Amino acid sequence: MFNGLEWWDETNGPVKPLISFNRIRVPFICDGILKEKGLKCSDKSNALEGFKILDIGCGGGILSEGLGKLGATVVGLDPGEKNILMARNHLTHDLRSRITYECGVIEDYAVSHPQSDFDAVVMSEVIEHVENSTIFMETALKLLKPGGSVFITIPNRTFMSWISFILMGEYILRVLPVGTHEWKKFLTPSEIEDVISKNGMRTVEVKGITYNPVTNFWDWTRITGIQYAMHAVKNEL
């Protein structure tokens, strides 16, 4: 859908909002991982040192790099060859030892990597783009360690999300290309919780997300009707 070479264009790139999204989603992930261990996230470059994270649907590496800069060992997975090439080429020397990118889909990756050794699995703005979201999530959750965290960001399936993401975002403001989203693939919090609870997960937090396309500014809100983030933890054995 996107040309991988455009991913890191913060001014006019097709995924410019995802770059600014890191301002709130990286701390959300960091805080969630460390709170489960009784620790506190900080701005230090080693806050996530020792933690292994799988970033599914990593695209050009925007979120993977944000987590790698906090010291995490990150595996970025994406089916787009151009995206993976761009992500690899964008890595700076200090991140090359922390971040690995692989081209493929989660179903194949899980077969070739059957061990459950990730401290966290991230699915940010990706579930709404797959054909079978249930199988996608179930497969991803199998790769988590007991006590590991899953972090999800996704549009809710409401009339307001249709107005925000499709009518305004794609057709009026043109923040994203037309056809980026299919409203029917958006999921409600209860639909996601139903899947993850059946796969040994407990929900820790659900937070609403708000975005101003004029200022390119993200923030948290109590309203989950347009877009939300979820943190859940895999039950201990």
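Glycine too: its Cβ is placed from the backbone N, Cα and C atoms.
Note: TrEMBL annotation is automatic and uncurated.
Under the heading S-adenosyl-L-methionine binding site, TrEMBL lists R25, G57, D78, S124. Neighbour list (G57 (S-adenosyl-L-methionine binding site), Cβ cut-off 8 Å, at least 6 residues apart, same chain): L77, D78, M123, S124, E125, V126, H129.
The Mg(2+) binding site feature in TrEMBL is assigned to E125, E128, H129. Secondary structure from DSSP puts E125 (Mg(2+) binding site) in coil.
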Other CB atoms, at most 10 A from the CB of R25 (S-adenosyl-L-methionine binding site): 22
Where R25 (S-adenosyl-L-methionine binding site) falls in three-state DSSP terms: helix
Most distant Cα pair in Å, residues R25, G57, D78, S124 binding S-adenosyl-L-methionine: 19
